[in-house]
Structure formats: C-alpha cells, structure tokens
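These notes are about the structure you will find just below.
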Amino acid sequence: METFVLAHNYQRPDVQLMADSVGDSLELALEAREIDADRIVMCGVDFMAEVVKALNPDREVVVPDHRAACGMAMRLRAKELREFRREHPDAAVVVYVNTSAEVKAEADVMCTSANAVEVVSSLPEDKIIFVPDGNLAAWVQKHVPDKEVIPFPEHGCCPVHHSLSPSDLRELCSQHPDAAVVVHPECPLEVCAMADFVGSTSQIRQYCEKEDASKIVMGTEEGLAFRIRRETGTEVIVPGHMVCPDMKINTGEKVERVLEARHVPEPLRVELDPDLISQVEEVVEEMFRLTR
C-alpha cells in the first residue's frame with residue numbers, strides 16, 4: 001500500500017522528519033489535491049484531516065491520534081453560524097480553515113492565514129462574516145478597510161497566539177535587540193503592530209530564507225522553530241508558553257504505528273458524510289478559485 005504523510009509546521013520534530021510534506025494549512029490543502037496514494041496520514045489536528053478527506057473522498061485518510069483537536073474550531077457550532085448569518089443576510093461568510101467540516105458547510109468560502117486578506121478582498125460583498133478567529137478578522141479588517149468585517153463568535157481566538165502580549169514581545173526584544181520580529185496574524189493586533197513581518201507559518205519560514213535572517217523573535221507555536229532552524233539556519237527565539245498541546249499529541253511512534261498497520265482502527269480513520277464532503281470541497285475550491 002502506497003502511503004503519503006502530511007505534517008503541519010507545528011508538529012513535533014520527529015513527526016516532521018517522517019513526513020513526505022511539511023507545510024502550513026494552505027500548502028497542505030494544495031498538496032492534498034495532488035496526492036496519488038492509497039493512504040494519507042495527516043499529522044496535525046482534526047480540521048486539517050477533514051479538509052484532506054474532502055479533497056480525497058475515495059482515499060483512506062487516517063490520523064495518528066484521534067484526540068488531536070483544535071480548541072478554537074470546537075468553540076463554534078454550525079447551528080450558531082447559521083443563526084448568526086440570518087441576522088446578516090447581505091454578508092458573505094468567510095470561514096477560517098480552523099473550523100469543523102460542519103461549520104465550513106455553512107460558509108461561502110474558506111481561507112487560511114496565508115490568504116485571508118486576498119480572499120476577503122476578492123469577494124463582491126461589502127459585509128463579511130469572518131469566523132472563528134477574532135484576531136485574524138481584525139488583521140483582515142486592517143488590510144481591507146473598504147469592507148465591514150464582522151467577527152463571529154465573540155471572543156473567538158487561538159489561546160496560544162492570543163496569550164502573546166506586547167509586554168512579552170518587548171521583553172524578548174530587549175534581550176535580543178538584533179533579532180527581527182515575526183508573528184502570526186492569529187496574535188492580537190497590537191502584537192502584530194510591533195512586528196517586522198506578519199504571516200502564516202510557511203510565510204514566516206520564507207521570510208527567514210528571503211531576508212537571510214540570522215535571528216528572529218517568533219510569535220507563533222514553537223513547532224515551527226524546528227523547521228526554520230533546520231532549513232534556514234536562523235536562530236529562533238520563541239516565548240516559552242507558545243506551545244499547543246493538541247499539536248503535540250501526535251508522536252513519531254504513533255505515526256509509525258499507522259504506517260505499519262494493514263488495517264487502521266476505526267477511530268483513526270477520517271470519515272465524512274458524502275454530502276458534507278461535497279460542501280466542504282466546494283468552499284475549499286472556491287478559495288483556490290479566488291486566489292489562483
């Protein structure tokens with residue numbers, strides 16, 4: 001059986017080293033469209049595996065550990081978005097990739113942190129309901145001032161990125177005055193304002209490569225530091241609290257187990273209703289159409 005392993009930039013080093021492809025959510029979605037393998041192992045969290053399954057409905061998609069979930073994605077239910085949308089009938093719904101398949105099915109288009117601004121800019125509607133990350137919504141609003149970006153739900157955020165404060169960043173910058181400051185747009189807007197560069201995980205890696213950065217203070221989950229150090233030689237300083245426990249649930253041993261298994265146990269197999277697959281595929285493909 002031919003197997004292909006995808007891993008997100010936040011995964012443990014041993015998992016990244018076992019992967020055929022490592023990237024951010026956008027890169028993994030693009031990769032998933034081109035995979036020609038019997039089994040795809042998605043090393044990340046639940047919503048990532050659902051996107052891979054939607055783009056590969058006839059392939060076996062499995063995860064190393066079914067408990068790897070995203071707290072931000074779990075905060076919003078499809079019913080809540082459906083009800084909120086009724087209150088704003090003239091608004092388009094842009095759903096961040098960090099959502100369940102059921103929530104994606106209620107949207108007009110999906111986006112990732114790498115292309116959120118581009119997706120929102122490309123829509124004809126003046127009002128945009130943006131779910132579920134309020135910090136990313138604020139970042140988009142800043143860069144698309146001619147549209148009204150309505151964040152939903154209230155206080156939706158990634159707890160890891162939201163925990164990074166301006167004082168945290170100032171302290172690290174005072175200790176490393178020669179370092180460039182790079183952060184993820186899931187961070188609060190006031191933190192983004194302090195950065196030399198704001199971007200998705202792979203955009204941050206590309207920045208280090210392009211700018212030949214010798215040292216960075218990095219405001220995102222610490223797993224990215226391994227890839228940057230390995231591929232660019234950049235010294236990476238990360239706040240100690242920026243660790244996502246869900247992203248660390250997968251281990252090299254668990255990946256090895258699903259690679260060796262002739263039959264993967266049911267909890268590790270990603271299954272979606274055919275109608276849901278069609279709806280998720282539609283919003284993902286709409287994203288590709290708007291940003292091609």
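The chain as shown is numbered from 1 upward.
Glycine residues also receive a Cβ, built from the backbone N, Cα and C atoms like all the rest.
Note: H184 (iminosuccinate binding site) has non-local neighbours S113, H161, V198, G199, S200, T201, I204, G219, T220, E221, i.e. same-chain residues 6+ apart with C-beta under 8 A of its own C-beta. DSSP assigns H184 (iminosuccinate binding site) to coil in the three-state reduction, outside any helix or strand. The iminosuccinate binding site annotation in Swiss-Prot covers H8, S25, Y96, V97, N98, S113, H184, P185, E186, T201, and the record cites similarity to another entry as its basis.
The [4Fe-4S] cluster binding site annotation in Swiss-Prot covers C70, C158, C244. Look at C70 ([4Fe-4S] cluster binding site): DSSP puts it in coil.
Residue annotation for iminosuccinate gives H8, S25, Y96, V97, N98, S113, H184, P185, E186, T201. The furthest Cα pair among them is separated by 17 Å. Summary for the binding-site residues Y96, N98, C158, C244: the Cβ-based neighbour count within 10 Å is maximal at Y96. Around the Cβ of H8 (iminosuccinate binding site), 26 further Cβ atoms fall within 10 Å across all displayed protein chains. Ranking the binding-site residues H8, Y96, N98, E186 by the distance of their Cα atoms from the Cα of C70 ([4Fe-4S] cluster binding site) places N98 first.
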